[in-house]
Amino acid sequence: MSRWSGFRELWPLVHLLFPLSIHWMAEEMTVSVLVDLTTSALCPGFSTCSKAIYINGVQQTIVGIFKMVVLPLLGQLSDEKGRKPLLLITMSTTIFSFAILVVNQSEEFVYAYYVVRTFSYIISQGSIFCISVAYVADVVDEGKRAAVFSWITGLFSVAHVLGNALARFLPEKYIFSVSIALLIFCPVYMQLFLVETVVPASRKNQQSGCCARVADVLHRRYKSMRHAAEIVIFSPTLRGMALVSFFYELGMSGISSVLLYYLKAVFGFNKNQFSELLMMVGIGSIFSQILLLPLLNPLVGEKVILCSALLASIAYAWLYGFAWAPWVPYLSASFGIIYVLVKPSTYAIISKASSSTNQGKAQTFIAGTQSISDLLSPIAMSPLTTWFLSSNAPFECKGFSIICASICMIISLCLACLLKPNDVPPLSNDIEDNPETPLLIDNS
């Protein structure tokens with residue numbers, strides 16, 4: 001029953017989810033191609049490219065540093081200025097980086113791509129999903145959010161499957177051009193059809209001088225960021241979820257940053273094998289997020305689902321790390337059916353523990369803690385992966401860095417087992433003073 005209830009709740013969100021799905025599909029169709037493209041541009045004639053691994057690690061570190069500040073700031077702005085303008089800004093940034101690769105795919109242009117893509121990641125990575133989740137919380141009643149979140153992450157998986165299918169069968173020379181056309185369509189559609197759910201506050205200092213207005217903006221940003229930190233720190237559930245998310249992302253982001261380069265070096269995988277693996281994960285996760293999670297959630301709750309998904313992510317890492325044959329990565333990818341449930345269960349727990357006026361702050365502040373993981377993981381993963389893929393490795397275990405990353409996910413599982421998400425959160429004490437309240441709330 002809850003599964004169909006979640007489906008009905010999606011109808012008011014069509015103008016959000018349709019462009020989001022197109023955006024995710026357009027981004028995903030480039031993932032498998034980028035590994036071959038960057039390797040051939042930076043290390044022509046070689047299947048292993050330590051330069052590409054290190055550049056990806058540096059990019060992830062820089063993005064992690066700035067996201068710690070940018071993500072919570074974007075969440076606060078979405079609570080105050082509205083969800084729609086922030087979504088338009090964050091979704092538009094990806095267009096410019098892919099445009100560079102359409103012009104030319106030489107070594108110099110690949111370096112330029114990395115620079116522009118770094119700025120794009122700082123603004124868009126994680127923030128699009130968090131602001132979208134806050135938009136959903138504005139529209140959907142609290143008791144129905146877990147089912148809706150599972151449908152949304154399921155659509156995310158559908159978009160990934162379609163993106164990887166396009167990458168598998170579309171000629172490589174057309175992939176980036178098609179991706180840019182789809183990416184441009186998304187903000188245009190959203191501008192025309194998406195309904196805002198937040199009333200922007202009217203400020204009293206519109207006639208103030210420039211310096212006074214800048215000082216006032218900085219003061220309000222500081223107070224808002226401090227308030228966001230207090231919301232998480234003083235809530236046992238949100239504090240626990242921040243730690244769970246930190247250690248999970250520390251392990252998973254480290255694996256994701258080197259995995260495709262590891263598979264290319266060890267088993268000689270190319271665009272086609274990468275697309276097949278990603279499609280396997282996507283197809284399985286569609287089933288688990290759209291059908292399985294809405295059915296299980298009323299029976300066992302978000303905590304059990306979260307712990308089961310974390311356990312599956314550990315098995316996923318171990319199979320990749322100890323992979324002894326080309327078919328083992330396909331077996332490992334099958335665990336994506338379960339571990340993808342980490343995200344929707346996390347969003348549901350955070351949303352339940354937050355008041356309606358603090359959804360953006362809570363979601364993006366915890367996403368900001370994940371950015372610290374994005375900062376730290378490449379510092380260890382990039383050199384460790386390069387070392388064990390080289391002939392100078394101290395012992396024969398090419399996936400040793402992935403095994404090390406799984407330790408972080410084990411810690412995350414232990415912390416998740418200690419959560420008490422069913423505790424009732426205290427009501428927000430700033431509702432009366434906060435004019436940025438949702439316009440669309442389903443109280444049925």
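Keep in mind that glycine also has a Cβ here, set from the backbone N, Cα and C atoms.
These numbers come from a predicted model, not from an experiment.
For the ranges 111-136, 241-266, the feature annotated in TrEMBL as transmembrane segment maps to 111-136. Residues of the same chain lying 6 or more positions beyond the ends of the transmembrane segment (148-168) and with a Cβ under 8 Å from any Cβ of it are 6-7, 9-10, 13, 17, 20-33, 132-133, 136, 140, 175, 178, 271-272, 275-276, 278-279, 281-283, 285-286, 289-290, 293-294, 297, 340-341, 343-344, 347-348, 351. Note on the transmembrane segment (86-105): residues 16, 19, 23, 26-27, 30, 37, 41, 74, 77-78, 112-113, 116-117, 119-120, 123-124, 127-128, 131-132, 135, 176-177, 179-180, 183-184, 186-187, 190-191, 194 of its chain, located 6 or more positions outside it, place their CB under 8 angstroms from a CB of the stretch.
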